[in-house]
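Taken verbatim from Swiss-Prot:
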type	residues	note
BINDING	D22, H23, G24, K25, S26, T27, N138, K139, I140, D141	GTP binding site
DOMAIN	10-191	domain 'tr-type G'
Amino acid sequence: MKEKTPTPMKNIRNFSIIAHIDHGKSTLADCLIAECNAISNREMKSQVMDTMDIEKERGITIKAQSVRLNYTFKGEDYVLNLIDTPGHVDFSYEVSRSLCSCEGALLVVDATQGVEAQTIANTYIALDNNLEILPVINKIDLPNANVLEVKQDIEDTIGIDWFNANEVSAKAKLGIKDLLEKIITTIPAPSGDPNNPLKALIYDSWFDNYLGALALVRIMDGSINTEQEILVMGTGKKHGVLGLYYPNPLKKIPTKSLECGEIGIVSLGLKSVTDIAVGDTLTDAENPTSKPIEGFMPAKPFVFAGLYPIETDRFEDLREALLKLQLNDCALNFEPESSVALGFGFRVGFLGLLHMEVIKERLEREFSLNLIATAPTVVYEVHLTDNSIKYVQNPSELPPENHIACIKEPFVRATIITPSEFLGNLMQLLNNKRGIQEKMEYLNQSRVMLTYSLPSNEIVMDFYDKLKSCTKGYASFDYEPIENREANLVKLDVRVAGDVVDALSIIIDKNKAYEKGRALVETMKELIPRQLFEVAIQASVGNKIIARETIKSVGKNVTAKCYGGDITRKRKLLEKQKEGKKRMKAIGKVELPQEAFLAILKID
């Protein structure tokens with residue numbers, strides 16, 4: 001096999017594709033791969049960069065993928081390293097870490113939709129990383145495409161000169177060659193010193209069944225080869241290099257070395273991705289670099305929920321399944337917890353509601369588990385009367401009211417872009433969700449950008465669905481965490497037959513407690529089947545009952561066999577039945593259907 005000659009750094013381009021969800025990012029990636037013949041026509045399929053079934057079904061990108069492309073321009077061979085990124089707000093950490101390894105980004109905007117909230121958010125991440133941004137207007141072949149207006153939109157909203165914008169149609173394969181040439185002429189080559197000691201940033205890691213934990217790295221300085229011993233700076237441990245590869249969605253391409261400026265996969269024979277944490281630095285064990293790469297933001301969970309197996313004996317199976325998913329998802333964390341109502345399960349941290357849905361669906365589909373998920377919550381900062389601070393992510397952990405000095409809840413800054421005709425409905429929704437308006441800006445005659453600060457708790461329940469319904473699906477939404485603010489919060493408990501069902505407890509704004517409690521008990525009354533005894537459903541704050549509904553018992557005619565008119569005999573039987581029901585009520589357990597736990601999500 002002929003030894004490959006290293007690609008000169010001046011001929012390497014590392015770039016990402018950033019876009020709002022559904023703007024045709026994965027289709028554009030497919031076109032660039034096909035144009036560069038990185039995958040044969042026989043193996044090429046749509047959304048080749050989306051490798052999970054769930055990504056293909058939902059039409060979304062969850063896991064950032066990379067591919068090495070070779071392209072010849074003006075007689076010179078170039079290497080283009082393409083990193084596809086997710087578009088949904090929950091997976092913006094995947095975007096930020098992918099952009100750390102690039103010099104440029106294609107900003108894809110749908111010619112029929114214009115700039116949307118997530119486009120703006122990802123652009124700011126790219127600008128913070130000093131990336132060269134190349135605007136790309138996609139779907140120009142559609143009859144309702146409005147290219148001129150979108151160009152103006154890009155300039156007015158983001159402040160990027162639209163003059164350089166490339167017009168393409170990924171579906172119809174228009175403008176792809178021009179775009180590849182623009183990438184080469186516009187995006188700068190990587191900087192770095194090939195003669196310095198090795199410094200490589202781990203910007204992704206995952207678990208391979210055959211090779212163990214793999215690190216996707218960008219070589220910032222120096223180079224790496226298969227003969228080297230490597231030091232992982234975060235752990236201080238040394239490992240031999242078992243293999244080096246170029247990334248490709250279908251198969252890893254082996255190589256003997258990775259040079260300065262390149263992107264590649266490193267196999268060190270490790271059993272867990274925790275040994276090669278994302279954001280860590282690899283260096284040469286013999287001649288290490290003086291300090292690791294800084295400024296990398298790790299993913300932090302934003303939403304927490306309890307996951308419990310319906311078959312209680314499958315607790316260990318759930319643990320195994322979560323551990324397997326965690327191998328490829330550094331943002332997923334979990335710890336065991338128990339609930340009086342649901343038994344043993346796990347408190348799981350997610351990036352957002354979509355991330356939670358995806359994880360729950362994968363656990364049920366890939367590991368054949370039947371799960372109950374409790375209502376999602378955020379982390380509250382609870383200041384106690386003894387001047388200590390407790391962080392609470394499970395409502396059942398909230399200390400008694402007389403021990404609490406104040407509670408602070410996390411806030412986010414939300415950016416929403418909406419057609420102006422829905423502005424009234426949207427502002428009403430934001431006010432209902434305790435939003436505080438910071439800015440309102442008309443992008444053009446028909447579109448408005450709103451900036452609000454909102455309690456995180458208000459957006460983790462049903463905000464996204466309500467936003468879509470009050471704007472007929474036209475509004476786009478993005479958020480970033482800002483700070484914790486003091487709030488007037490209480491714990492709302494639900495009691496069924498006198499017992500608090502801990503899995504149904506929620507932390508809520510005090511002014512909304514009565515309304516939510518009333519709606520909750522009314523819904524529960526419809527969902528819980530009638531028992532042989534009377535069941536009281538109560539909503540309480542502290543020891544105070546604020547709402548109550550009663551499920552009447554199923555009647556049994558105990559006097560049916562009493563013929564004749566002896567009223568005392570009938571009365572005796574009815575009294576006996578009443579005594580029996582009283583005893584049953586004291587010891588009877590009420591089975592709650594799964595819908596009861598989901599009821600909290602559905603109630604505004």
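Note: Cβ is positioned from N, Cα and C throughout, glycine not excepted.
Note that the coordinates shown come from a computational prediction; the quantities given were computed from them, not determined experimentally.
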Sort G24 (GTP binding site) into helix, strand or coil using the DSSP assignment. coil
Counting other C-beta atoms within 10 angstroms, the emptiest spot among the binding-site residues G24, S26, N138, I140 is I140
Three-state secondary structure, which DSSP defines for N138 (GTP binding site): strand
